[in-house]
Each structure stands twice: as C-alpha cells, then as structure tokens.
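Here's the structure, in structure tokens; my notes come after.
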Amino acid sequence: MRKVRIFGLIFIGGGFIVALAFFLIGILKPKTAGVFIDTNPASAVFINGLQVGRTPYRDNKQKTGEVVIKLIPESFEIPLVPFETKLNLVKGIETVIRREFGETDEFSSGEIISFEKLSKSEISLVVISNPDSAQLIIDGQTKAFTPYKAGTITPGEHTISISSKDYVDKTIKVKTQQGYKLTAIINLQKSRNIATPTPTPEIEKKTLVEILDTPVGFLRVRAEPSTLGEEVGQVKPNEEYVLVEEDEKTGWYKIELVPAKDGGEAKAGWISNQYAKKIEQGSDDTSPTPSVFKTPTPSVKPTVVN
C-alpha cells in the first residue's frame, strides 16, 4: 500500500514537471509572425536593411513588431521603381504583400493584407485605397467609396473590387477570420489610356480687303504697286480678298486672287488703296481703315486709276 502511494506521488510529480516544462517553453519561446511577398517581376527582398531572399518569399519565423520591407525589382529592359513600406507583424499572423512594378509609383499597383487581433466574437474588414474615394464593390454589392469599414461581415472568402476614374480596376480575394480585423490596402495603377482633350486650334485671323465702288465698275489688279504695272486681273466692288501685304510707299494692297492649290503658288496682285478698305476676318466692323491717299506714279498717257 505504501509503495502504491509512493508510485502515485512520483507519477503526479512527474506529470506536474512535464506540464510546467511545456508551460515554460511556451512562455520562453520567441513570439513569431509570418510574411509572404509576391511580385511581378521578381524582386530582391530586404527586411530592416538586410537582404533575405527574392520573391516569391515566405518566412513564418519573423519577430513580431514593426519592420521595414524594401523590394527592388529585377528588370533588364526598363527601369522600375522599388517599393518600401513599414509593417507591424503580429504573432501567429501572416501578412501578405503583392506588387506589380511600374516605371513610377503611379504606374505600379499592389495590395497589403494584414490582420489585427480582436475579441473572439468580433470580425471586421477594412479597405483602404490609393487613390482614396474609389468605388468599392464587395461580393458583387456596391459599398460606397473607400476608405470603408465593414462592422459586420461573415468569416470566409470575399471578393473585393476597386475602381477609380483614370485608374486601372483591380480585384482581389481575401479571407476573413473570426476574432480578427482584416485590413486591405490596395494601390491602383494609373491608366495609360487617359484621353487627352485635343486643344481647339485657334482660327488664324486674316486681314481682308473689300473692293469699293469705282467709276468704271471694276478695279484693275496689277503686277506692281503702280499704275505702270502690268494688269494681271480685275476685281469687282463688294468682293473680298485676303490681304498679302501693303506697300509702304504707295499704300497699295497686295491681294490673293487665287488661293494656292496642291502645293502650288497662289496668284496675287496689287490694287489701289483708293478703292479698297481693310477689314478683319470675322469682324462686324465694316468701316474703312483710314489711309492716306498717295499720288500714283504718273503714266505715259492719262488713265483712270482703278
């Protein structure tokens, strides 16, 4: 009987020691967290300044607390911008980082999925986007705009879709768990197909010349700004022509008789300013431009200046 008691005490004591050992191991064992990183293209992974590998990268033995993660893309064609962020790693939780690299931050995209411990009865989902105020759809149902917090959501897999003007839409899947708040930080890529409004070309205002009444019912067009110039055509009162230039000495107008076609030269000639006035194209002001009449070069025989 005495031996039975001794064996019983030894058994109980041994069990107590084993339980105490497991308890102490649980307390003294370092608290670890996890991180999973996936990128396109592959990238070098730096944690707190130390290179730890390349993507896809997974480590479930990270120390808890704040860490700085930097990703440097491996690109041999065009330079891609690196990505750096601070994370708070939580015991027993794997934080997920996904990144699509671009030439700049605005042409890059990705998401960070992290968890935060709540009471066992709670469950929550938070969605943050860059840019903010993006249209949010969860499981096919519109949920207004980001940032958004769902106070009540069922545990399990959910589909999150984000869209914003001038950005590429993005859809991801997340899995919420009872007793945790899931936070999804989603970065959208700037669209490369933004329609740039075509500027309305300014209509070049041309100065026109209106033909006035003449004693003979028409006005001669000459090759030179003088009555001695060869006649190259005739114009009639009330007709309008584009002003090419104005002779400083005589005040005569050089007008465009026939516009240039198929790369050819326009036909032009000179008319007396005595029977013409300048007007701005599109202007309602039809009053003649004041000009000083200059005496034409004397001709060999008397003629009507027109």
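Cβ atoms are placed via backbone N, Cα and C, with glycine included.
The following features are taken from TrEMBL:
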- 7-28: transmembrane segment (TRANSMEM)
- 124-190: domain 'PEGA' (DOMAIN)
- 218-275: domain 'SH3b' (DOMAIN)
- 279-306: region 'Disordered' (REGION)
- 284-306: compositional bias 'Polar residues' (COMPBIAS)
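With DSSP states grouped into helix (H, G, I), strand (E, B) and coil, the domain 'SH3b' (218-275) comes out at 3 helix, 27 strand, 28 coil. Secondary structure of the domain 'PEGA' (124-190) per DSSP, as helix, strand and coil residue counts: 0 helix, 44 strand, 23 coil.
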